[in-house]
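Undergrad: As listed in Swiss-Prot for this protein:
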{"type": "MOD_RES", "residues": "Thr2", "note": "N-acetylthreonine"}
{"type": "BINDING", "residues": "17-23, 34-35, Tyr37, Thr40, Gly66, 125-126, Asp128, 156-157", "note": "GTP binding site"}
{"type": "MOTIF", "residues": "28-41", "note": "motif 'Switch 1'"}
{"type": "MOTIF", "residues": "67-82", "note": "motif 'Switch 2'"}
{"type": "MOD_RES", "residues": "Ser72", "note": "phosphoserine"}
{"type": "CROSSLNK", "residues": "Lys191", "note": "ubiquitin cross-link"}
{"type": "CROSSLNK", "residues": "Lys194", "note": "ubiquitin cross-link"}
{"type": "LIPID", "residues": "Cys205", "note": "S-geranylgeranyl cysteine"}
{"type": "MOD_RES", "residues": "Cys207", "note": "cysteine methyl ester"}
{"type": "LIPID", "residues": "Cys207", "note": "S-geranylgeranyl cysteine"}
Amino acid sequence: MTSRKKVLLKVIILGDSGVGKTSLMNQYVNKKFSNQYKATIGADFLTKEVMVDDRLVTMQIWDTAGQERFQSLGVAFYRGADCCVLVFDVTAPNTFKTLDSWRDEFLIQASPRDPENFPFVVLGNKIDLENRQVATKRAQAWCYSKNNIPYFETSAKEAINVEQAFQTIARNALKQETEVELYNEFPEPIKLDKNERAKASAESCSC
């Protein structure tokens, strides 16, 4: 029995500054939460080995800065991504309104082979806070309009739905990685013109 090659899944977390991208990543990978806010400069990543449908994979989770001046760093970080996580703060409506621009930014920078079906997952974070301003139905409706993106409501602080969300992220990322592998193994056939087909037919006929 041949051993399967190790799979590395690249996951990008995007969203406005302060929505909890770093906290979600730290809660998932390290089971830790800090109340001290420190803006991410540029980008940072953590790795975690997980089982996805009986397959061991390594998730490389990239946490990119939410400040506009760092969005130009995108190409290097986004290329080769297997899944993109869009995060907003349920207590800050403006962070929800910018999901469209973050999604568009990713598709432009990453240039996935099949943008229509590229896997996104949306997280509505900070549900532990009382002053909620973005309704669940509103977020679900947006996700549905974007090819039915999976949606989770999370709390990095209380570890609510973080594990479940990243299980879906890992599964969707693995599916994307597998499809890319299949595409690379079976590229489009080379089309011969009429003269080349006739020549090939004559050469193969040894009556």
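Heads up, the Cβ atoms here are built off N, Cα and C, so glycines get one too.
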Undergrad: Using a Cβ-Cβ cut-off under 8 angstroms and a sequence gap of six or more, which residues of the chain neighbour Ala156 (GTP binding site)?
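TA: Gly20, Ser23, Leu24, Asn26, Gln27, Phe33, Asn125, Lys126, Val162 - these are the non-local Cβ neighbours of Ala156 (GTP binding site), listed in sequence order.
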Undergrad: If you draw a 10 Å sphere around the Cβ of Ser17 (GTP binding site), how many other Cβ atoms fall inside it, taking every protein chain shown into account?
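TA: The answer is 14.
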Undergrad: Can you see whether DSSP assigns Asn125 (GTP binding site) to helix, strand or coil?
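TA: It is in a strand.
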Undergrad: What is the total of other Cβ atoms whose distance to the Cβ of Asn125 (GTP binding site) is within 10 Å?
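TA: Neighbour count, Cβ to Cβ under the 10 Å cut-off: 29.
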Undergrad: How many other Cβ atoms sit within 10 Å of the Cβ of Gly20 (GTP binding site)?
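TA: Taking all protein chains shown, Gly20 (GTP binding site) has 24 Cβ neighbours within 10 Å.
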Undergrad: Using all protein chains in view, find how many other C-beta atoms are within 10 Å of the C-beta of Ser23 (GTP binding site).
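TA: Total other Cβ atoms inside 10 Å, all chains included: 24.
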